[in-house]
Ligand code: GDP
């Protein structure tokens, strides 16, 4: 007789977003997993009662909390109220109701912008709450710090096993390619592509080109998320502390915005000039993760920047008619 596998019911919150969809791709062929998703017409994550009813009815075993209001430097600067309010409410609703309905395992996805603007580089997990944040995305960062502290508080008080991962700047399929509100990689991919199509002589890149950023391809992020979620409790606890429980996810390698823009021009095939508009903000001067904690836990990235940009550009070309505005 065939043995029937008991499947874990895993709720991926934010499954239509860039990271959530990559986590679904990562888990969907697993025989021991049943993925549960709800789009925003079915479940409004800002609605506390609806989220609570969902957890009461669905018998969830694990949650990947990848739902978030996200955007680049301009969007964060322009809509700070939406960024702090929506992120705080979604985290509170999901984490509290998960606990209330006895979900023991949850992974919260944060961001490297939780670290102080002038944190020592590379930034280790212990840099959290040691200095002033970058002002352009402080409200978003405060919400993400609150998410880590929610997880730690339910762990300390109720013995939950809620973990957090802090990715560096991510890119890949299902990113937001909005010209102003997106992050630098999708913004430049679109701008270079449209300039190539139009035969333009130059493309404008914001800021001075000197800030340094570390970029991680989203399938690597999804793989790291599953890796961290599935570490046994003893290993996870041995490598973290109760009040310093988050884990950085990145490549440990960075480059200047200018270098990234040059790689982008090559990938897209734009042969004109790249010019910098220094009236636009640079944001934080450097953002490089110390990934030694994750590396000690047995994970390393696979996809280099140029390879990741090529994969993303293929996806862009195939899907450009459907972009969310
Ligand atoms: P950040 O890491 O939070 O600052 O996120 P962003 O991806 O928005 O910006 C990264 C860097 O790229 C900043 O120094 C921006 O000034 C620079 N940058 C250059 N061109 C663009 C662009 O078209 N859009 C965005 N979002 N950033 C750009």
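Our numbering is plain: 1 for the first residue shown, then up by one each step along the chain.
Note that Cβ sites are derived from N, Cα and C of the backbone, with glycine treated the same way.
Taken from TrEMBL, the feature domain 'NAD-dependent epimerase/dehydratase' covers 10-232.
Close to residue 20 (NADP(+) binding site) in the fold, though at least 6 residues off in sequence, lie 12, 13, 14, 64, 66, 67, each with a CB less than 8 Å from its CB. Annotated NADP(+) binding site per TrEMBL: 14-20, 109-112, 144, 167-170, 183, in sequence order.
On its own chain, residue 111 (NADP(+) binding site) has 140, 141, 144, 166, 167 as residues at least 6 apart in sequence with a Cβ closer than 8 Å to its own Cβ. Taken from TrEMBL, the feature site 'Important for catalytic activity' applies to 111 (among others).
For residue 113 (site 'Important for catalytic activity'), applying a Cβ distance below 8 Å and a minimum sequence separation of six or more within one chain yields 133, 134, 137, 140, 141, 144, 284, 287. Annotation source TrEMBL lists site 'Important for catalytic activity' at 113 (among others).
Positions annotated as active site, proton donor/acceptor by TrEMBL: 140. Around the Cβ of residue 140 (active site, proton donor/acceptor), a 10 Å sphere holds 28 further Cβ atoms from the protein chains shown. DSSP classifies residue 140 (active site, proton donor/acceptor) as helix under the three-state reduction.
Taken from TrEMBL, the feature substrate binding site applies to 191, 206, 213, 282. With a 10 A radius on its CB, residue 191 (substrate binding site) counts 20 other CB atoms from all the protein chains.
Checking the binding-site residues 14, 17, 111, 170 against ligand 1 with a 6 Å cutoff on the Cβ atom leaves no residue at all. Between residue 170 (NADP(+) binding site) and residue 282 (substrate binding site), the C-alpha separation comes to 18 Å. Note: the CA-CA distance between residue 213 (substrate binding site) and residue 17 (NADP(+) binding site) rounds to 22 Å.
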